[in-house]
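Taken from Swiss-Prot, the feature compositional bias 'Polar residues' applies to 98-110. Residues annotated as ubiquitin cross-link in Swiss-Prot: Lys290. The annotation N-linked glycosylation site is assigned in Swiss-Prot to Asn411, Asn418, Asn425. Here Swiss-Prot flags 67-144 as region 'Disordered'. Annotation comment: Swiss-Prot describes 241-270 as region 'Basic motif'. Residues annotated as region 'Leucine-zipper' in Swiss-Prot, with sequence analysis given as evidence: 281-302. Annotation comment: Swiss-Prot describes 1-317 as topological domain 'Cytoplasmic'. According to Swiss-Prot, the feature topological domain 'Lumenal' maps to 339-479. Annotation source Swiss-Prot lists transmembrane segment at 318-338, citing sequence analysis.
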Amino acid sequence: MDGDIAAGKMASPVCAMAPLDSMEVLDLLFDRQDGILRNVELAEGWILAREEQKVLLNSDSDEFLNCILGPGDSDPSSPLWSPADSDSGISEDLPSDPQDTPPRSGTEPANTVARCHTREQGKGPCPSYLPSTPCPEPPRTQVQESSVAIDLDMWSTDTLYPEEPAGSPSRFNLTVKELLLSGGSGDLQQHSLAASQLLGPGSGHCQELVLTEDEKKLLAKEGVTLPTQLPLTKYEERVLKKIRRKIRNKQSAQESRKKKKEYIDGLENRMSACTAQNQELQRKVLHLEKQNLSLLEQLKHLQALVVQSTSKPAHAGTCIAVLLLSFALIILPSISPFNSNKVDSPGDFVPVRVFSRTLHNHAASRVAPDVTPGSEVPGPWPDVGTPHKGPSSGGLSADWGNFLEIPMLDNLTEELDNSTLVLANSTEDLGRATLLDWVASEPLLSPGRVGLEIPGEMWLSWVPRWLRVRLVQDALGVL
């Protein structure tokens with residue numbers, strides 16, 4: 001009952017106070033009027049130690065206080081704090097500033113005092129001031145270490161811990177409670193009851209433990225029941241940590257399976273698309289192969305036709321016919337075998353009047369005498385190279401001899417030669433009978449007419465006989 005009263009007194013001041021000094025903590029704990037531990041019964045050895053402390057010298061007193069208040073002399077295996085390698089949440093956090101945890105500084109000296117008087121003489125860190133009587137151990141109860149440690153890292157601050165005000169109590173208030181209850185009964189159930197009273201709804205400092213459905217299911221499956229209020233014991237923390245680890249592993253496995261399923265579905269879709277595309281390409285390849293085979297067959301057929309056409313030899317008769325045709329096309333225009341038939345028809349031939357300028361002038365200046373037909377006597381053939389020396393018998397022959405003896409004989413001869421060439425060219429197409437008719441003597445001039453007028457039928461009658469004969473011979477030679 002005394003422990004409950006002390007716990008009720010220290011709930012609000014200790015949690016709300018600022019970081020205190022060691023002496024203030026001692027005064028707060030051991031003051032006879034207002035101290036928290038004034039009603040707690042101490043062991044007999046502890047009372048004797050306090051009486052002896054009054055009579056000690058200042059040096060012994062300082063040594064005793066250093067033994068009590070020295071942080072380095074405290075037992076590292078204290079059951080009130082979790083070791084650094086434990087699974088609790090306190091061990092995972094970085095060591096905090098001593099000013100942030102004032103209750104611990106108040107509990108360490110008390111524990112140290114309790115331990116100093118339980119050791120034998122000459123063996124403990126504190127010397128015994130009663131040489132014959134050892135310090136008896138004060139009655140205390142073994143408290144589980146897990147009643148202090150709280151894993152804050154494993155619990156989400158959004159779901160488990162609401163935002164605390166500036167004056168919220170520290171999580172180490174439980175150690176002060178244990179210190180207060182250390183002199184009381186040793187039943188663990190009383191400690192749990194005191195903790196529930198300390199963090200109950202009436203105190204205003206309790207924090208509820210919020211569990212998800214999965215956590216509740218796994219806890220029920222494990223057969224563990226967790227309290228709804230904080231803090232938890234170390235065993236409960238380990239169980240909760242294990243449950244949450246399982247939940248995280250389950251969630252990660254579900255996400256992994258989901259991603260794997262999505263990846264496999266994507267691969268299957270791609271595989272189906274690739275399979276359809278592959279089938280389409282195979283159909284196209286088969287179609288192209290068929291077209292290629294048909295084209296190859298057509299090419300072979302064309303090659304066979306070309307080989308057959310080139311292997312046939314050229315016939316000799318065809319070559320001879322081509323040569324004869326070409327020769328005939330070259331030779332036939334110069335032969336003209338149809339000229340006689342053309343000359344026989346009188347309508348096909350049109351006489352052409354050919355005049356010599358010199359002969360025309362001389363003939364125009366003279367008046368031909370009347371000549372009767374048949375009066376011309378044929379004389380000897382005149383020699384072209386020798387001039388005539390005298391007149392020949394017959395008027396026409398004499399006239400032609402005098403004409404040939406004029407000084408312009410050379411020019412006349414050249415003109416006659418030119419006329420002969422023209423006449424020769426014009427008489428190539430005449431027949432032999434026509435040329436023989438020209439050789440016969442005919443009068444050059446009609447009786448009673450002046451000048452040379454050649455009738456249309458006999459356009460060459462003005463040419464001398466010997467010249468006509470020569471022209472006829474030349475024409476016959478060509479034929």
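Glycine is no exception: its Cβ is also placed from the backbone N, Cα and C atoms.
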Summary of DSSP states over the region 'Leucine-zipper' (281-302), given as helix, strand and coil counts: 22 helix, 0 strand, 0 coil
Tally of residues which DSSP labels helix, strand or coil - the region 'Basic motif' (241-270): 30 helix, 0 strand, 0 coil
Local confidence of the topological domain 'Cytoplasmic' (1-317) - pLDDT mean: 63
